[in-house]
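Single-structure report; data block below.
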Amino acid sequence: MKKLIKLLLGLSLLATLTFAAGYIYLRTSLPTIDGTQLVQEAENDITIARDGYGIPHITAQSTTDLYFGLGFAHAQDRLWQMDMNRRIGHGRLSEIAGESTLSTDKYMRTLGFSERAQSAFDASPKAVQDKLTAYADGVNAYLKTRQGALPIEFILTRTEPAPWKPVDTLVWQKLMWLDLSGNMRHEIERARLLTKLNADQLASIYPPYPGDTEAPFPALQDLYAAIDMDALADTVGAEPEESIGSNNWVVSGARTESGKPLLANDPHLGLTTPSIWYLARLHNASTGKNTVGVTFPGSPAIIIGRNDKIAWGFTNTAPDIQDTFIEKLIGDDQYLTPDGPATFSYRKETVSVKDAAPHTFTVRETRHGPVISDVIGTTEDFLKSGYVLALQWTALAPTDSSIQTFTELPAAESFEDFVKAGQTYMGPEQNMIYADTDGNIGYHAPAMIPVRHAENTIINGRLPSPGWLRKYDWQGFIPMNEVPKRFNPETGIIATANEKIVGPDYPHYITRDWAHPFRGDRIRNQLESKEKHSLESFAALQYDMVSDNARDLLPSIRAVLGANTFPNWNGDMDRDRPEPLLFHLFLRKYQQEILEDDLGTMYEGFTRFRPALVKSTLYWSSQTPPENSEYFSLPVLPKSDALAWCDNQLTNDITETCPALAQKAYKEAKAELNEKYPNGYRWGDEHIVRQTHRPFSEIKALRSVFELSAPLGGSRYTINVAGVSSSDKTLHQSTHGASYRGLFDLSDLNKSLFIQPTGQSGNPLSKHYNDLFPLWLNGDYITIPTDTVVPQNAAGILTLKVKND
C-alpha cells in the first residue's frame, strides 16, 4: 500500500511539475515590452511605450517608421488573428483545418482576392507601397527577433506564421469588403424565396424603405430554380443580420457646453476574441504630430480616430455594389452576352488540405466576374440546367486604391483635406463624419457605386439579373463629386445609423437595403431634445438601450392582446428587466406561426425578425388600430396583404386569424419562460454576449479558454446595439454589437474617450486579453492622452534600435 501511495504521489507531483513547466513555457509567448531590440529595415530608432492597458504609444521620425513600429506591435499582440485573417482571405484555411474548410477556401479562391490584391498593390503609388512595405517589415522584424513560444493557437495547430507581405494587408482589406457587403446574399435569399412564394408575398417580407415605392418583384421562379440557391446560400453565407451596422454623430459647438464640436462613433461588427480593433497612438517626433484611434491588426494607419486637429468616424452605408447574374450557357465553354456567345476565362487553383490530397479545381469567369455557383457543383451539373451564377462586385475590380485613403486621412487638417483623402476610396462606402478644432463639422460618403441602366427598373439590384440582356449591365459609376456630402449644416447635427442617407431629390440609386430607421431616428431625437451636450451626454447616448422598435410595436400588441400587456414598460432592453425576454420570445413564436407554413423547411434560414410584416399583421388585427404618435408610425403593408399571412396553408378546413396566432404565441412564450425560470427571469438570462474565437470557439473543450461572455442589455434596434440570435441553437445570444466606441471633444482632444470590447492582446495568458471587457460591458471608457511623448506610469518602453551592418 505504501508503495502505491508513493507511486500516486509521485505521479501527481510529476503531473504538477509537467503542468507548471508547460505553463511557464507558454508564458514565454508573451511579448517583451521593455528594453532594446535590434532591427533592420527601419530608417531610425523607434520607441514603443505601453500604457497600463497595453496600448502602444509609438514614436518615430517618419510615417514609414511609425508603420514599421505599428506592424511590430500588431505582431507582438495579435499574431494569430493576423495569420487567421490572412489564411481566410487567401483561401488557405484547409492547410490547418483539413477538408472541413475546403468549401470556404474554394469560395475565396473563386473570388480571387490574392490576385486582385496583388494588382492593387502593383497599381498603388510608390508612397503607398512604401508604407505597406514598412508595415510588413515591422511585422517580419518581430518574427525574426521574437523568442520563446509562439501563441498557443500555433502550438495547438502545429503551424508557424509565414513572413508578412504587403499584399496580405490588401487581402485583409478585401475580407472587410466581404464582411460589409451584403447585397449578394440578399439577392440569393430573395431568389430562394421566389421558389416558394409569389411576388406579392416576397414584397411583404422585403417591403420598400418607409416612404419609398418600388416596382413589383418579377416572376422569375423558373429561371432561379435552375441554380441550387439553397446550396449556394450555405456557401456564401446567410442573409446578413441587420445588427451589422454602426452609429456615428457629430454636433457643432452651438450644441455643446464647450462651444466646440463633439463627435461619436461605434461601429457594429462581429464580436470576437480578440477584438477586430486595436488601439494605438502614433507620434511623429519630427513634426510633433499625433494620431490616436483604432487600427486593424494586419493593416497600417489609424482607421477611425483623431489627430491634433480633426476627428472622424465611419458607419457602413451598405450600398448596392454587388450584382449576381444568371449566365446562359452555350456548349461547354461559352455563355450568352448581348453581343452573342463569349468564352469563359479560366484559371486553375490548388488548395493544400491537411491530412488529404491537394484539391485542384477550375475557376471560370464571365464578363461580369467569377462564376460563384461553380463552388457548389461541377461544370457538368450546370450544363444540365443550362445556367450558372456569376458575381459582379466593385471589390473585384483590377485596381483598388482604398488603402491610400487610410494612409492619407490621418494627416488631414481641414474638411478639404478630409474630402481629398476620400477621393481614392473605392469601398465599401462609408458615412464618414468629421469635426475640427476650428468648429467645423462635415460628412462625406465616397465610394465606387455602380450606375444602373435607365431601363433596369424591375430587378434593379434586388434579384439575380439575366446576364445576356444589356439593360442589366452597369453603366459606369457615380462621379466622386456627386456622392453625398455636407458641411456645417444649419441644424448643427449630422447623424447616421445605416438608414437612408439621401432624400427623394438625390439623382442616383445607392441601395434599397437600408437599415430600419429606429436607431437613426432615436439618435436625432435625443440630440435635438437637449440644448447643450457634453462627453457625458454622448456617453449616455452611446449606451442607450431603449428600443424604438419595441415602442413602435407596443401599441399594436396591446390593441390585440390587451391594454395591460407589458405594463409600465417603455422598451428598455436592460439586461436585468424581464420584459425584453418575453417580448423577443413572443415575437419569434408569432413570426414563426405566420411564416413557417408558407416556407416549409426553408423557414429555418429565414428566422430573422421582419418588423414591417409583424407590425402590419398586428396593427390590422386590432378592432381599434392605434393612432400615429411620436413612437408609432403607420405600417407599410396593405391590410389584405398583411392579414393573408395568418391563415395556415396546411389546414384547409380552418381559417386562422392573426389575433388568435398572437394570443397563442404570447401564451406559449409566457408558459415556456415560467417553466424554465420558476423563480423569475430577466433579459440577461439568455441575452448573452459571446465574443467568439477563430477557430477554437468550435471546440467545446477550449471554448471557455478563448471566449469572453456575459449577460448583456440592448437589442438589434437599440442605439447600444446588441445582436439577438434567432437560431434555435443560439437563441437570443449576441455575437454582434459595438466593436469599438469613441467620443471626441474638439475643445480638448486629450479628453477624448475610447473603448473596445476585449483587450489589446490576443494571448489568453496576458492580463490585457480581457481587461477592457468589463469597462465595455458597463459603458465605461479610457483616455489616450498625447500631452506627453511617453504615457505617464508607462508599463514598458521598448526601443527598436536600427542595427548598423
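Glycine residues also receive a Cβ, built from the backbone N, Cα and C atoms like all the rest.
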Candidate from E187, E189, E455, E482 that TrEMBL assigns to the same Ca(2+) site as D320, D323: E187
Rounded Cα separation (Å) that holds between D320 (Ca(2+) binding site) and S246 (active site, nucleophile): 17
Count of other CB atoms lying within 10 Å of the CB belonging to S246 (active site, nucleophile): 27
Fewest other Cβ within 10 angstroms of its own Cβ, chosen from the binding-site residues E187, D320, D323: D320
Env. residues of Ca(2+) site, Cβ within 8 Å of mean position of E187, D320, D323 Cβ: N183, M184, H186, I321, Q322, T324, G461, R462, S465
Helix, strand or coil at S246 (active site, nucleophile) [DSSP, three-state]: strand
